[in-house]
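J.: Provided herewith is a single structure, encoded as structure tokens, for subsequent inquiry.
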Amino acid sequence: MAASEELYTKCARVWIPDVEEVWKSAELTKDYKSGDVSLQLMLEDGRNIEHKLDPKTKNLPYLRNPDILVGENDLTALSYLHEPAVLHNLKVRFIDSKLIYTYCGIVLVAINPYETLPIYGTDIINAYSGQNMGDMDPHIFAVAEEAYKQMARDERNQSIIVSGESGAGKTVSAKYAMRYFATVSGSASEANVEEKVLASNPIMEAIGNAKTTRNDNSSRFGKYIEIGFDNRYRIIGANMRTYLLEKSRVVFQADEERNYHIFYQLCASAHLPEFKALKLSSANDFLYTRQGRSPVIDGVDDTKELCTTRNAFSLLGINESYQMGLFQVLAAILHLGNVEIKDRDADSSVIPPNNRHLMAFCELVGVTYQDMSQWLCHRKLKTATETYIKPLPRLQATNARDALSKHIYAKLFNWIVEHVNKALVTNVKQHSFIGVLDIYGFETFEINSFEQFCINYANEKLQQQFNMHVFKLEQEEYMKEQIPWTLIDFYDNQPCINLIEAKMGILDLLDEECRMPKGSDDSWAQKLYNTHLKTCSLFEKPRMSNRAFIIQHFADKVEYQCDGFLEKNKDTVNEEQINVMKASKFNLLVELFQDEEKATSPTGQVQGTGGRTRLSIKPDKSRDTSSKEHKKTVGCQFRNSLQKLMDTLNATTPHYVRCIKPNDFKLAFSFDPKRAVQQLRACGVLETIRISAAGFPSRWTYQEFFSRYRVLMKQKDVLADKKLTCKNVLEKLVQDQDKYQFGKTKIFFRAGQVAYLEKLRADKLRAACIRIQKTIRCWLARKKYLRKRSAAITIQRFTRGYQARCLAKFLRRTQAATIIQKYQRMYVERKRYKQKQAAALAMQTILRAYMARQKYQALLREHKAVIIQKHIRGWLARCWYKRCLEAIVYLQCCIRRMRAKRELKKLKIEARSVEHFKKLNKGMENKIMQLQRKIDEQSKENRLVNERLVGLESSYTVESERMRGELNRLRGVEEDAKNKANQVSSLLEELERLKKELSATQQEKKTIEDWAQSYRDEMEKMVAELKHQNGLLKKEKDDLNRLIQEQSQQMTEKMTRAIAEETQQLETDLNEERSRYQNLLSEHLRLEEKYDDLKEEMALSSNVSKPGHRRTDSTHSSNESEYTYNSEYAELEDGTRGREDVTRGIDTSLTLKLQKRVTELEQDKQLLRNELENREEQLQRASAMARGAELEYESLKRQELESENKKLKHDLEEMRKSLLGNAATGAGAPGSPAYKVLLEQLNASCEELEVRKEEVLILRSQLVSQKEAMHHKETMTEPSVYKDDVSKLKDDEVKQAYVGLKDTNRLLEHQLQTQRRTYDNEVESLRSELQNVKEENNRQQQLLAQNLQLPPEARIEASLQHEITRLTNENLELMADDPTASREARVVILRRMVDLMEQLEKQDRTIRKLKKQLKVYSKRIGEMGAGQTEGQTSPGQMVDEPIHPVNIPRREKDFQGMLEYKKEDEMKLVKNLILELKPRGVAVNLIPGLPAYILFMCLRHADYVNDDQKVRTLLTSTINSIKKILKKRGDDFETVSFWLANTCRFLHCLKQYSGDEQFMKHNTSRQNEHCLSNFDLAEYRQVISDLAIQIYQQLIKCMENILQPMIVSGMLEHETIQGVSGVKPTGLRKRTSSIADEGTYTLDSILRQLSAFHSTMCQHGTDPELIKQVVKQQFYIIGAVTLNNLLLRKDMCSWSKGMQIRYNVSQLEEWLRDKGLMTCGAKETLEPLIQAAQLLQVKKKTDEDAEAICSMCHALTTAQIVKVLNLYTPVNEFEERVSVAFIRTIQTRLRDRCESPQLLMDTKMIYPVTFPFNPSCLALETIQIPSSLNLAFLTRV
């Protein structure tokens, strides 16, 4: 006690009783000293009180546990085990952490949250599957997993006992436990037994659950479900037993309660057509459904619930007719309740005639209206001699009606339970079972009757069994650890059980009173008082009542009212009413009552039922029970069934779930301490605590104790032996040795000792912290002082410098001011002088300018006057001259005219005279000549005179004009001179006036200058302001520009982000489609394997061997779309028909169902493939032209093949004729006709080759000419560009000439350009043709070199194929250059193509057939030639050198990379290369992928010889053999990795040598020669790709199985950084130790395993990209499993564990760096785990912290973040819990997130895998086959 009293010191916290909160926390303000009568306490609200101790017991108040223990998963881990600690721990977990499950030793305490929580999904089930119970947070799934594991491990049946009062969640807990079993175990067959087990829940809830004031879905019966398992622990069936159905609820409900759900479901669905015949309406129209006045439950749709119920019925095999029959009976019960019974007189009653509801009842159940109305109001009394019919009063008749309703419902309930059990039963032998007991808890109300008595009796029995089990486990633990122990005193409730069930007990006396003729409740009460009041301390009599009694139960005292006990115990029904029911025409009702016996009371009397309820017990299943057994009372039946239940539970290992109801108002996460304490006391949780506290509740392993309390040890105390070290330390720390015991592996502590050790540890750590703080504070203070001193010196230095700078600045300013004054004064004076000087100069300038202008004007006038005079005088002289000249000329003309007239007259006279004429005629010619000469001279002179006259006239005209203008000017000047003379006087006056204005102007100028100065200043100021505004505007402009740039950048980023998101979405969609496809593949594989297993089981069960019809793996097709060939389907059908008679006794529906499922999956897969093909069509459209080219190429090839076919036929005929006609000697010799025929064929082929070349050239020339013809049809028009030039000209003729010239130039220019283009085109075409000729020459040389290496029969074909390819390519190029010219040719080609495509296949077959025949004939020729040569060998000829002249030798330089095998060696090849190959030896000693290369080389030879059957069988055998070896050794990582690498390599080889352009570009020229030539294996590539996907998924599963046990231990539990994580006290359910014991996994184990995986895959030659995908999947599994366990383990959510996780993650990242895998995406898969670790380490107090958390944890969902914060648990006292307000803040900030509500990550998720093309650089001809593979039968070709 000393150690305990030492803990009551100041600041210690205790619990004191409280009326409202039950227990209230307080803190000691003063140390407790022995002998004190009171304690000084301070409450949490700050009030100080004095708590007085009990003077008798002197018991101190309960101590409060340290904060680090508050919220523990297991209540037994608390240092102080008492009621307030338990209550507070549950409250903290429920309210603060939202955790509804808590362990209390072996009990799981479940608090009803009244809210749907996301903790029951399949992901949670998978997380708890296979885990130890103590390793995960408390959960109903953990209890179920523990029961399942113990059943499998101990070979012992298990039971899960779920108890609690109504509304505590018993039914839901039992339902989730059954769901867990159904999920983790599966079923032994495909009959969906687990679904049927779960389907029984909605049925039983509909007929057995109802709304009460405490629960909307309260189970009104108890049930025990046994879930059966086979020897492989798979569900095979179930069986249900029910207890105490509350029949009285059928006829009566209290306020705010409802009848059973099924009635309301029927009423809500009354409008459905199939329910019209039931004549139902609203629930408020029926008495049995409206009494509670609450027909509707919020959030529940009764119509949908009925659909669920009907679906469950159908799943359990209850067909529609039976369902309608059930609903018919239920509707009849409702109508029966509405039958109104009226008083006829005081002793009799009557039903009014034609009662609507009674008629409906009779119609529904098939009875007569008269009989029913008769026996509802009468009953039959029998005596020894007579039988009487006695009328019943209205009250008794009403009770009889209600009794019939209850009886019918009870029969219906039992019938449904019986048929549910039939549906759940199975023919498979049950190996073990797990029972789930869902039964009512201890009940106490204000008025307690027979029902509460039976319920509490059952709880007494269960509590006794519970106490014994807890006691047994406690003692077994002590014995196992070999510690001294004494019997623990625990409460034994056997006296209370004896009081109830022993001889002369309460039930015995009740049955005796029921047998009495006049027994009553009062007389029974008196018997109880007389028998037990004085003899049993547990039985009491109330003071104020003689009709009640009190029993002291284990939980509380309960007062029972005796009223109604006898009637409820009898539970009788009118026999005549039963007989009427038996006589019904309704088959289902007859079936319900077919075994009905008389159920009358022993006295034969009928009494009113009275009371509120009536109970029934389901009778025994045996149909052959006697009538005596039917007469047993309810109490007797209940006692017997309860005893059977206890026997069953005692034969199993029990697991306990105690459901607690937190409040009576169904409020979500609201905790009422009073109600919780009542239930904790009643359900035995506190008794468990008491038993644990009586012994050694705290248990530590030696390693855990050493790790936790290492700080209390000195260095000298630490020894090599941890056990001895712990013993020595404990002896020093705890003086009382009774407070602890040392076991073999653990240390056991009494209650409170761990808290004492924690106090010592905290004191030691606090002292260490104080010392550390002292040192740190000293260091900080000194550092602060030195910093302040340095700052002071620095301030002084800067201050003095500042003062010196200020003085220097003052001196400089003084000197500057003096200089400024000097220059300012000088400036003012100089400015004044400048102004005066400028004014004087201005005046002088103006005056001088005026005088100069005057002088200039005078000179100008004088000069102009002289000029005028000159011109006038000249003009006058010219005028006189002209007049004189005109007079002279006139006179001359007159005189000459007169003389001419005289001469003319004289000549006329002479002319008249003939003699004169003759005389003169002689000299006439000379005169004429002279005259002519004279005329010419005169005309010349005349012209000169005229010219001179014109010149003079023009000069005269110009001079006269000039003189006239000069005269006018002189006149004007004269007038101006006169005017100027008059203006001189006015100008002088004006000068004087201007002088005066000048002085005024100077004054005004000065004023203006002053104003201008002020204006300048204002403008400067305004300019400054404008500059400032301009600066602001510029700044604003810059800001706007920056904003625009930012917005532009944001928009760009937004668009980039949107594009990235869209791209990511597309990638996600593609990955989802790929994942869905791969999941379908895995599902198909699983179903295929299950189908094979079922076939094997059927074959074994039939014991008939039919080898010809058995389906084996070899019959599986490699085509994924069908998986079997038609022939194999035929074999399977034949085999199925062959064994049909043998397997007739087996349920073949499962096989058919499986086949149907496989077919559906194949259809889904085909649809998915079609969808993928549709998406790929978009990419294929781009290659439409290429496909067209291929089609054209094929058409041309067909033409060539036709010609070749004809040629071959002709050659074959000639060969046949030659063979038939030359069968004599020497037919095969070199000179033989056959040999000549072959040579002729070779020559003909060469000639044919030349002909083909000429045809190619002709066709090319035609195409070129066609292109040129189309080119010349094009026209060119140029718009007129000279319009502007023409518009500039004005003259029309000139314009026309200009336009014509331009047109001519344009025409010439066009012709020149046309000639230039023609020349350029010709040059370019010649160049290209020259280049083509060079390339053609090179190709011909290469072709010639290649053809020389080919056999003669292949040379022609190769040459023709080459020419056709070249011709087609050139044709396509011409088409691309000139599509218009080639349109007609293309149409013709396409039309021919349609016809030729139909003939292609036929031609190919014919050619292959002819080739084979040619080979056969060649061999025959060779054999004939060899035989004849051998027969005619001369003596000098060598016998060992046979001549084969027909076989033309093939010149082979190298091995062609093919392997030949015989057909019968195929199975040997598959066996040696696949089935019996050891991966380890191959990977180490041989090249990677060798099996794949060998298989492909064999495939190449099959393709080379054009053997379709051989190719198909080889691929099929290969695929099926790989599947077989993986099925056999699928759990061996090396095997799976080896065949994944080889399958991928085989797939790459099929692609690399397929002949596709996209793959050939990666090959060398030699590798391209090895391409497949006859078969397109694209479909098989898809099949092998699917096989690779299956192998990849198998590899992932194999790795997951290896890594799964390591992850939690290595990533979470193991302390990689020793000493960081503190070990907290644990409870009864020990967790896995974090100390690296021998055999435990560490982080190094994970890294070593990852390295082993990586090295194995590298050795096997796995593709690097595939290795990256595997590593990414590995890291995802590690991150997901670690995070899921972190979210489900409260003890792992601490700051130190976050540091451990981050360190472990860094080690994983380091491993990635070492392996060069940082870019594979593996690191990103760990991001949720990294953020969870950061979340554990960051501050969690303020809003800033919340914002940081929200931005940091983007990879975690809101549910995960809140879960981690709720689970965060301090390991030491120095850490703080996360407040509820902070968690609410986080939830508020994250509520807008759009994310999945799923809590856990999907550990089963597999990323979709891709197989990027990875060509091999290895040449096939260089591969050598080692002899160790035993493949000597393969021949290199």
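Glycine is no exception: its Cβ is also placed from the backbone N, Cα and C atoms.
Quick paste of what TrEMBL says about this protein:
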BINDING   G164, E165, S166, G167, A168, G169, K170, T171  ATP binding site
COILED    1151-1259  coiled coil
COILED    1309-1350  coiled coil
COILED    1393-1420  coiled coil
COMPBIAS  617-628  compositional bias 'Basic and acidic residues'
COMPBIAS  1117-1129  compositional bias 'Low complexity'
DOMAIN    9-61  domain 'Myosin N-terminal SH3-like'
DOMAIN    70-762  domain 'Myosin motor'
DOMAIN    1516-1792  domain 'Dilute'
REGION    599-632  region 'Disordered'
REGION    642-664  region 'Actin-binding'
REGION    1100-1141  region 'Disordered'
J.: Please compute the mean pLDDT of the model over the coiled coil (1151-1259).
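T.: Taking every residue of the coiled coil (1151-1259) together, the mean pLDDT is 55.
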J.: May I have the DSSP-based helix, strand and coil counts for the residues of the domain 'Myosin N-terminal SH3-like' (9-61)?
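T.: The composition, in the requested order, is 0 helix, 24 strand, 29 coil.
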J.: Neighbour count first, Cβ atoms within 10 Å, every protein chain included; then name which of S166, T171 tops the list of binding-site residues.
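T.: The residue with the most neighbouring Cβ atoms within 10 Å is T171.
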J.: If one looks at the chain holding G167 (ATP binding site), which residues at least 6 apart in sequence have a CB under 8 angstroms from its CB?
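T.: In sequence order, the residues whose Cβ lies under 8 Å from that of G167 (ATP binding site) (at least 6 apart) are N112, T212, R214, N215, S218, K661, K666.
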J.: Starting from the ATP site formed by G164, E165, S166, G167, A168, G169, K170, T171, give every other residue of that chain whose CB sits within 8 Å of the mean position of their CB atoms, in sequence order.
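T.: Going along the sequence, the neighbours appear as N112, N215, S218, S219, G441, C659, K661.
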J.: So what sits near K170 (ATP binding site) in its own chain, CB-to-CB under 8 Å and at least six residues off in sequence?
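T.: Counting only residues 6 or more apart in sequence, the Cβ neighbours of K170 (ATP binding site) under 8 Å are V162, S163, G164, S219, D438, I439, Y440, G441, C659.
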J.: Using Cβ atoms only, which residues of the same chain lie under 8 Å from G169 (ATP binding site) while being at least 6 residues apart in sequence?
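T.: Set apart from G169 (ATP binding site) by at least 6 residues yet with Cβ under 8 Å, we have A110, N112, C659, K661.
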J.: Could you count the residues of the region 'Actin-binding' (642-664) that DSSP puts in helix, in strand and in coil?
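T.: Per-class counts: 9 helix, 8 strand, 6 coil.
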J.: Return the residues near A168 (ATP binding site), defined as same-chain residues 6+ apart in sequence whose C-beta is under 8 angstroms from its C-beta, sorted by sequence, else 'none'.
T.: A110, N112, N215, G441, C659, I660, K661, Q679
J.: Cβ atoms within 10 Å, counted per site: which of G164, E165 has the most, among these binding-site residues?
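T.: Per the Cβ count within 10 Å, the most buried is G164.
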